[in-house]
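Participant: Input: one structure, supplied below.
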Amino acid sequence: MKLKDTLNLGKTAFPMRAGLPTKEPVWQKEWEDAKLYQRRQELNEGKPHFVLHDGPPYANGNIHVGHAMNHISKDIIIRSKSMSGFNAPYIPGWDTHGLPIEQVLAKQGVKRKEMDLVEYLKLCREYALSQVYKQRDDFKRLGMSGDWENLYVTLTPDYEAAQIRVFGEMANKGYIYRGAKPVYWSWSSESALAEAEIEYHDLVSTSLYYANKVKDGKGILDTDTYIVVWTTTPFTITASRGLTVGADIDYVLVQPASETRKFVVAAELLTSLSEKFGWADVQVLATYRGQELNHIVTEHPWDTAVDELVILGDHVTTDSGTGIVHTAPGFGEDDYNVGIANGLEVAVTVDERGIMMANAGPEFEGQFYDKVVPTVIEKLGNLLLAQEEISHSYPFDWRTKKPIIWRAVPQWFASVSKFRQEILDAIDKVKFHTEWGKVRLYNMIRDRGDWVISRQRAWGVPLPIFYAEDGTAIMTAETIEHVAQLFEVHGSSIWWERDAKNLLPEGFTHPGSPNGEFKKETDIMDVWFDSGSSWNGVLVNRPNLTYPADLYLEGSDQYRGWFNSSLITSVANHGVAPYKQILSQGFTLDGKGEKMSKSLGNTIAPSDVEKQFGAEILRLWVTSVDSSNDVRISMDILSQVSETYRKIRNTLRFLIANTSDFNPAQDVVAYDELRSVDKYMTIRFNQLVKTIRDAYADFEFLTIYKALVNFINVDLSAFYLDFAKDVVYIEGAKSLERRQMQTVFYDILVKITKLLTPILPHTAEEIWSYLEFEAEDFVQLSELPEAQTFANQEEVLDTWAAFMDFRGQAQKALEEARNAKVIGKSLEAHLTVYPNEVVKTLLEAVNSNVAQLLIVSDLTIAEGPAPEAAVSFEDVAFTVERAAGQVCDRCRRIDPTTAERSYQAVICDHCASIVEENFAEAVAEGFEEK
């Protein structure tokens, strides 16, 4: 036997290297085979519900790192709630209708207009489902736990029927109407867009300053006067039917020396405009308030058949332009509102593809709207005063990335204005985890217009509306419920397979159809109505869920998307928000803080992370960032997170190794019988338990990460485990001192494994497989630990807080001695302490081997004053010298009692007593050489 064999060197097969990329799929298959999700649900039956409703990602392509962050966050919450006394099911969902899938099929060569519509929709469905299953596998690879066999998909018959019923209730309440209002129109998609489907980019446009000649000045302006107008959309002049001024803005009538014409502009802008137009010696002839100009009539710049009326509008400002805007009610919301109020014609001169129509005039017909500037300039002639290129923020179609226009077309709308206050009141009852989130959603609802819910596409849920022979729209409770029932059985494709009459209830009649003939609507619903109905299609329809949900968790872009549409439909139907809490997340940026883009080549695919680091590192990264704001991710950042993971893993490996001979049923030492330092570590750990439990409850993942890493680095590695080897390696295997420390080790190991499970389930299960005395076969089936408090807890904490200050001072003294070459390692030191009474009392209260705690070979507490050369602090001073004696081959301390023993061992008296008591046979035979 060798002397080193008398040490209790921790042994474990738990590997230092995690091998996550190869091991994770093996564990995941084991969980699936063991039906862990179902077993967890069974354990939680009868417990209070906590329902996190999954916002459905769009089923197209593999998941990106933003998806991963969002879904890992959801998984952490679901797992922590499931282990905290809640029935927390997770039903994953997917959004499957809409233009992107049509675009994919088009790229694959599918020609929609050349094939049967039902066959086309079948192709859309097949593609969408293939993407659902692809993404499902992506999410499962992240280690997510959920009901993967009973997911929800917006294209299933039961879901589509539930969506129709949401629409039906809104129709019954009078919230659905048809109107020809200007809407965001995407010529690239040939469809109307909702606000949630647009994004803003900078765009360079040609702006024109031109003049309309007064035709009837109403006794205020002469007919040789021109009103100066500014526009950034020259094509809309073809549909201009008025000029709008601000009622309270001052306008001036001016005569430039170089002009025979007189002009009207906003007084505040005269100087800048004169410079722009090259006007010199400008004479101000008169000043008018905007309201005085109301109902003056001007000529259209070139269309002699059209007069343009001066009207008043609150949207006119003097921030730019001329303080006067031309008004084309068919091409803008403000224009429409003031135009309708003043009886202006709603002219639309651009078709669905962005091509100018015949009513724009022969010179414009057939041109693309954005290419007509030269023709407009030619038509304006000397009415054009200036032109310039401007860069401004402009709306784009979020899918095609092409600019859009406002365009008045007949559309179906869901009224928001009719119950806006009810929606705002519902927002006040929701808990937002960021105050700005509440403000953002509140302001969006307060300021938004009615919702355009019709789309001129094929792949989606049909609007369940019929038309009588006289054109009357039919959407009664009876007809809508009948359609819902048909969809429930056959799916929405039945709408296209049958004619209108066979989609209506048997024997249905309507006074507007004396011949019994009907037509059906061919528009489909906005996809935001699809996902916005999920509270009904999922929460209401599934017996193991609750409505409203406890939590909606999505990216911050969903304040104008899913949070918004779900809120409107839910309040419209039931008067309540579909969620009790909203938690939002920022976007994922690259390591430099730049937006991720395939074109920039700075994206990170979750699959690449899984291959290089493992999903566990991605999961740990999610907790290491403040996801309420935009967050950065790169392979370098993940490499740093991987180092943190390695530290966590190796610390827990040390605990596993050094409790391998510990049986909690036999070897646990009661708290009251622990040493003071062990009590301190037990209390500190339970403070960590409370911090983590509270943070899980509040979804504060970063708090968990910081607290955990700090505890491992500061409390364990830098202190408790730093001197632990002197106890667990050196002392007798069954000694009280060793069992005391092992009791703390085991308690921390078991509980920290449970606390880590929601974040690092793969690693937690790997650790759990080494804990043979724990009852549950999987840690995921256990409960999170409860924090304990102990008698005299504050007193113990105060004592050890003071000791940590003392320890820091001692370490400074040792460092000075090391720099002076007095010692090398701290174990070479004999530390003499010159304490005042406070420190002396402290060291007595610590009631531990202080030399061991400071990792020095010898320590003396001296009486009297410290020598002049001592390293002094306010309450204590230290001197450091090299310890006397020889290095013990067993404990490595320098000790005066170290000597060669008769059994061929050079060891100190303390080690000799341990060896002689526990290894009599080796002592009798003598130890082998090293």
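Each position is counted from 1, following the chain as shown.
Glycine residues also receive a Cβ, built from the backbone N, Cα and C atoms like all the rest.
Dumping what Swiss-Prot says about this protein:
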MOTIF     57-67  motif ''HIGH' region'
BINDING   GLU554  L-isoleucyl-5'-AMP binding site
MOTIF     595-599  motif ''KMSKS' region'
BINDING   LYS598  ATP binding site
BINDING   CYS888, CYS891, CYS908, CYS911  Zn(2+) binding site
Participant: If you count other Cβ atoms within 10 Å of each one's Cβ, which of the binding-site residues LYS598, CYS888 has the most?
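Facilitator: When each Cβ's neighbours within 10 Å are tallied, CYS888 tops the list.
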Participant: Roughly how many Å lie between the Cα atoms of CYS888 (Zn(2+) binding site) and GLU554 (L-isoleucyl-5'-AMP binding site), rounded to a whole value?
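Facilitator: That comes out at 61 Å between the alpha carbons.
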Participant: Do you know offhand how many angstrom separate CYS911 (Zn(2+) binding site) and LYS598 (ATP binding site) by C-alpha?
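Facilitator: Their Cα atoms are separated by 65 Å.
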Participant: At the level of the C-alpha atoms, what whole-angstrom distance separates CYS908 (Zn(2+) binding site) and the residue listed as 'ATP binding site'?
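Facilitator: For CYS908 (Zn(2+) binding site) versus the residue listed as 'ATP binding site', the Cα atoms are 67 Å apart.
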Participant: Under 8 Å Cβ to Cβ from CYS891 (Zn(2+) binding site), same chain, six or more residues apart: give me those in sequence order, or none if nothing qualifies.
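Facilitator: The answer is ASP726, ILE730, ILE907, CYS908, HIS910, CYS911.
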Participant: Do any residues at least six apart in sequence from GLU554 (L-isoleucyl-5'-AMP binding site), in the same chain, have a Cβ closer than 8 Å to its Cβ, and if so which, in order?
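Facilitator: Sequence-distant Cβ neighbours: GLY55, ASN70, GLY561, TRP562, PHE563, SER584, GLN585.
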Participant: Within 10 Å of the Cβ of CYS911 (Zn(2+) binding site), how many other Cβ atoms are there?
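Facilitator: Within a 10 Å radius of the Cβ of CYS911 (Zn(2+) binding site) lie 26 other Cβ atoms.
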Participant: Can you list, in sequence order, the residues of the same chain other than CYS888, CYS891, CYS908, CYS911 whose CB lies within 8 Å of the CB centroid of the Zn(2+) site?
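Facilitator: Along the chain, the qualifying residues are ILE730, ASP889, ARG890, ARG892, ARG893, ASP895, THR898, ILE907, ASP909, HIS910, ALA912.
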